[in-house]
């Protein structure tokens with residue numbers, strides 16, 4: 001059964017900053033491999049890390065805090081995060097590719113808060129490690145299967161991965177779960193996958209999933225979708241495989257009625273856009 005997410009369809013103007021060519025983002029990029037820059041937040045959520053803690057997070061993973069130039073290089077190939085984070089030398093900012101009224105003050109580029117005199121301020125972190133293990137990426141292919149790190153083996157502790165799917169204007173994304181096995185807890189607070197009907201993990205929250213019950217299919221309202229995978233420091237499990245295919249505007253599969261079985265899924269926390 002398919003959960004149709006009813007929102008206003010996202011209509012974007014073509015922007016060179018996304019790397020668009022003829023209306024499509026023309027290259028699929030593993031952000032960690034292409035630029036070495038990735039976003040990290042505290043286990044307890046956004047904006048919880050002091051400068052010293054942010055440095056420690058990056059160094060624990062074999063990297064270091066990204067410089068302004070490294071973050072800008074990542075931004076130029078599509079790295080977009082609507083969350084301010086520490087950089088090297090005590091600088092704070094975040095990369096914006098597509099301007100929006102709710103993020104980046106309608107601007108593109110690095111939204112720069114400058115070098116902070118108070119290193120006890122709490123933000124996220126932008127780390128740099130060109131040898132980081134693949135975990136997340138940007139997909140623009142019409143269809144693809146992607147997996148949790150190490151699948152079919154168990155994923156590691158302390159993972160935070162982001163996948164961004166971006167298709168042609170007017171197309172939608174049909175997401176299907178092929179395998180799903182994460183640590184279970186009633187609130188999905190330990191290990192989980194979150195899905196967002198947007199190009200970041202701030203807007204369009206669909207839901208949070210954990211346990212071993214296969215989630216329902218999901219169809220986006222627009223041509224973008226974001227998935228976030230997080231694991232804690234204790235129990236691991238088998239991981240997941242997720243498939244997406246492109247839904248063209250005239251496709252019948254995108255015209256069905258919205259029917260939801262959220263109430264029957266004990267391993268699901270609903271977002272405001274998951275059902276009517």
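Keep in mind that glycine also has a Cβ here, set from the backbone N, Cα and C atoms.
Here's what Swiss-Prot has on this protein:
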DISULFID  58-127  disulfide bond
DISULFID  82-103  disulfide bond
CARBOHYD  118  N-linked glycosylation site
DISULFID  135-161  disulfide bond
DOMAIN    135-247  domain 'CUB'
BINDING   183, 191, 232, 234, 235  Ca(2+) binding site
DISULFID  188-210  disulfide bond
CARBOHYD  258  N-linked glycosylation site
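Structural mapping of features recorded in Swiss-Prot.
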{"residue": "82", "record": "disulfide bond", "DSSP class": "coil"}
{"residue": "103", "record": "disulfide bond", "DSSP class": "strand"}
{"residue": "127", "record": "disulfide bond", "DSSP class": "strand"}
{"residue": "135", "record": "disulfide bond", "DSSP class": "coil"}
{"residue": "161", "record": "disulfide bond", "DSSP class": "strand"}
{"residue": "183", "record": "Ca(2+) binding site", "DSSP class": "coil"}
{"residue": "191", "record": "Ca(2+) binding site", "DSSP class": "coil"}
{"residue": "232", "record": "Ca(2+) binding site", "DSSP class": "coil"}
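According to DSSP, residue 210 (disulfide bond) sits in a coil region rather than a helix or strand.
Note: the Ca(2+) site is recorded as 183, 191, 232, 234, 235; in the same chain, 157, 182, 185, 190, 231, 233, 236, 237 also have Cβ atoms within 8 Å of that site's Cβ centroid. On the backbone, the CA of residue 191 (Ca(2+) binding site) and the CA of residue 127 (disulfide bond) stand 22 Å apart. Mean per-residue pLDDT, taken over the domain 'CUB' (135-247), amounts to 91. Residue 118 (N-linked glycosylation site) has 82 as its nearest neighbour among the recorded positions 82, 210, 232, 234, going by CA to CA distance. In the three-state DSSP classification, residue 58 (disulfide bond) falls within a helix.
Rounded to a whole number, the C-alpha distance linking residue 82 (disulfide bond) with residue 235 (Ca(2+) binding site) is 30 angstrom. Of the recorded positions 103, 135, 161, 210, 235, 210 has the largest number of other Cβ atoms within 10 Å of its own Cβ. Long-range Cβ proximity for residue 58 (disulfide bond), meaning a same-chain Cβ under 8 A and a gap of 6 or more residues, is found for 40, 64, 65, 125, 127, 128, 129. Between the binding-site residues 183, 232, the minimum number of other C-beta atoms within 10 Å of a residue's C-beta occurs at 232. Taking a C-beta cut-off of under 8 Å and a sequence gap of six or more, residue 234 (Ca(2+) binding site) has these contacts in its own chain: 157, 183, 190.
The two recorded residues, residue 232 (Ca(2+) binding site) and residue 188 (disulfide bond), show a Cα separation of 11 Å. Secondary structure from DSSP puts residue 118 (N-linked glycosylation site) in coil.
Comparing the Cα of residue 210 (disulfide bond) with the Cα of every entry in 103, 135, 161, 235, these being the recorded positions, the smallest distance points to 235.
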